[in-house]
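Q: Here it is, the structure, as structure tokens.
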């Protein structure tokens, strides 16, 4: 793959790795991968790339794309998720680099399947892939950049000094910010005007005989344009062959969920299993539960019953905070028999489904607790239901009364209601957290009820300073920007991935 | 008199026109593009507007002969040319949904005089006169230069629409293959006047002044005095002066001298040319004290004279545009090519109407009858047609068309040979 100049020997890739397949740290994704991969690699690759793209999205919102912080954070994510970004010249890492580039290649094509289906999904995917590409191209130095372009048949002819001199006046006046000396200094390229439409459209480039004269720094814009066009076409083609792909049962669930996937921690592995006792549940519900779960618990206590949606949402949450199967069975049984259900019936019907949700029955999927996104977007409550997100699904008046009954002061309540009005449900819940814990800033970006619980417990049990750094990301589908510290209550992301129980990627 | 055009006579005139005068030969040679691409002519959409405003789309023809027969049968009032599609247009309903697509079409522009109503003093709406016709001359000069020098397009046909505007057909292969977004980008590049009814100031030039603007300015300066200052008299009355001054930034107007005073100064100066000089001087004086470069006088020139094109016409690959040599039903005038070498002399009112050329043809035939009867027999329809239009006022316009097609043919000759060599097709 690369000849090392320092030492005289030729370094080779090991195993099945094909030399020349991935000569650069980035690519145009022109050819789909043709090898076989396992389902678990398929899933891991897809989820990892999705995390990468979501990071790209969030960083792009919070930082200027040319800033150092953007670069540092993005590069950190590349390393963490094993994606390529820089030309690595260390021979020892040839194999690793190859693997990263292969992952990059395959994961891109998998995500195409998930993101080609609607206009919105395509637009999102193209935007993030473009930003990703832009960064990786931007950090290439002149020679690798030139090689990369040449390899991809993008020939941008640079103009001679003579020609530059002849056209000096025109070049100065067609590019904003270009003085005489600057024109002399910089390279200019001639490209067919069809390849520089954005510049032509805004009359920001000198045109002659159908050729656009572009300063070097604008070449990136051209290349990006090319990238976008290719990807857009490819997605349209992919969409046409999608029905065939979707009929494959192994892929269908993953592909369906990828485009809605929550990719933060899914709280499916609990390190605190068995560390919670049933007596703690009532006080937890008023102190550390998010409003949705508090509401469900209260309804359960009052009615001695919950309908299916509520049982799922609350039941999985309880699993997430550390209830064992035995505790769960005891909990639900003792409540239900206070109502209209007799012990026998409980054991025959409800017990089965509780065991099912713990992965002890049927197809043995260990279901994961619902994220906020899932609760807000799917299965809205109807008459008689208590599940859902109160900020999203409750009538504002009723919500107000409820908050008043929880002794939250009026000022706080109106702040919450304002956020609800603006449809910022996550922020409303965060505000609820702040009001009930008497802190100015909750210090985290909320997207999972179990996360709420964990954070709450952390504050109440001491041992954490209130973060002064504001987390700017206020969009839903947010990856928590502060990874869970190594405390007993925090589950581990990677373990969750390898378990295979995450087949559903946190959503059902 | 008998030369007067009357729409009611179209049903009588059109058959003669389509039989004896319409230039089928050159028309086919043009749209066939040398036969280099298979089915190019066959997959081209035409649309007809028939008597009583019946409109039919997706017309297509296998060859010149079919085209002739159909036109002679239908005698359309108006012909539009559309795109070259992926399939025979007549089969657009039978082809699988989504696969029937417009693939290529000439890059076209449509300049319509009504778009200048806010800056024309002499006429409005569908009317035109020799005074405002200069706007079309200016438009053609500016746009044609840019299409040729900036974009490198070699085969451009400018056509009088028959009533109040001009069209441009850019026929280069590269032009025909442009995507919708590329066409939009070209149209955008060529646009400088922006804003609808609500906007007062429609042009705002600022640094850096792009070479395209500089070149366009040269054209405007050439025509501005006669067109705007004299013919349109834009600085003649208080009302029109107000309109002009409304386009200047306030800093220029009010700095040191309130609006009224400025106007009075204007009226003191006698000739329009002098007033313009005065205005320019003021603008340049004020420029010194302003931070940003302001081109008040240029803005005015652009707003009053710069080409206003309808970008929607240019954008769509499948957009249908009136065909050259189609007759304009309202005026009877034939859509004739414009000779750019004689652009300043072009007179839309001298363009022949269908009734005129039919009259001329009848007269010529009468005269010839006895003399050439024998020679006429057995003569090819085509040859006869050529001799026919040469006897009418269409002659000089046909020549422009013939030259245009010939020039294109020279560029295809090489192509066809190359291709047949590759395919070993002899």
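Easy rule for this one: first residue shown is 1, then count along the chain.
In case you wondered, yes, glycine gets a Cβ from its N, Cα and C as well.
Predicted automatically and left uncurated, TrEMBL annotations should be read as such.
Quick paste of what TrEMBL says about this protein:
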DOMAIN    A:284-453  domain 'DNA primase large subunit C-terminal'
BINDING   A:292, A:372, A:389, A:429  [4Fe-4S] cluster binding site
COMPBIAS  A:469-481  compositional bias 'Polar residues'
REGION    A:469-508  region 'Disordered'
Q: For the [4Fe-4S] cluster site (A:292, A:372, A:389, A:429), what does the 8 A shell look like? I mean other same-chain residues with CB within 8 A of the CB centroid.
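A: Everything else in range on the chain: A:290, A:291, A:375, A:376, A:390, A:391, A:392, A:425, A:426, A:446, A:449.
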Q: In which DSSP state, out of helix, strand and coil, do we find residue A:389 ([4Fe-4S] cluster binding site)?
A: coil
Q: Given the model, what does the mean pLDDT over the domain 'DNA primase large subunit C-terminal' (A:284-453) come out as?
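A: Per the prediction, mean pLDDT sits at 88 for the domain 'DNA primase large subunit C-terminal' (A:284-453).
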Q: Using a 10 Å cut-off, grab the number of neighbouring Cβ atoms around the Cβ of residue A:429 ([4Fe-4S] cluster binding site), all chains included.
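A: Its Cβ has 26 other Cβ atoms within 10 Å.
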Q: Using a 10 Å radius around its CB, how many other CB atoms surround residue A:389 ([4Fe-4S] cluster binding site)?
A: 25
